[in-house]
Amino acid sequence: MRALQFLLRVSPAFLLLVLCLQLEINKAEESIWKVIQMDLQMPTVAVANEEVTVKLGIQTELKECMVIKAYLRSNIQIDGPFNYRYTSCLCDDYPRTFYWDLVANRTATIAAVVDIIRELDICPEDRAVVPIKSNRYYVLHRLNVS
């Protein structure tokens, strides 16, 4: 009988504990990590045939590392370092920053593109993941040339 009385007295506290744990589990399940966060920095206005520096910062909230390839695209032909492609390992504790110098002679829309790829000898011990949903991310920026 005493055991039953003890169980009935503990029951409301136990139910409250279970409710709190359930709320925390649901909160953790709703956490969505951003696979890629991109910060594209470049001027919006440039003088024709003047060199412009493009800076692309990339980071992730995933706990696993990824092999990324970063490059620029444009709606007009731009030669030189603009066409360089960077391949690197991106981890949550090691964000990456890439730079390009370009010379434009007319207004252009610049796209900074990051592909998550499968490539060996980039990440330590070749431990890297490729997301199932999407493996290409981009951000657009307009460069007005006067």
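The backbone N, Cα and C atoms fix where each Cβ goes, glycine too.
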Partner cysteine of Cys89 (disulphide bond, per Swiss-Prot) from Cys20, Cys123: Cys123
- line: Disulfide partner of Cys65 per Swiss-Prot, picked from Cys20, Cys91, is Cys91
Query: Using a Cβ-Cβ cut-off under 8 angstroms and a sequence gap of six or more, which residues of the chain neighbour Cys123 (disulfide bond)?
result: Cys65, Met66, Val67, Cys89, Cys91
Most crowded position, judged by CB atoms within 10 A, among Cys65, Cys89, Cys91 as disulfide-bonded residues: Cys65
Cβ neighbours of Asn105 (N-linked glycosylation site) where a neighbour is any other Cβ within 10 Å: 14
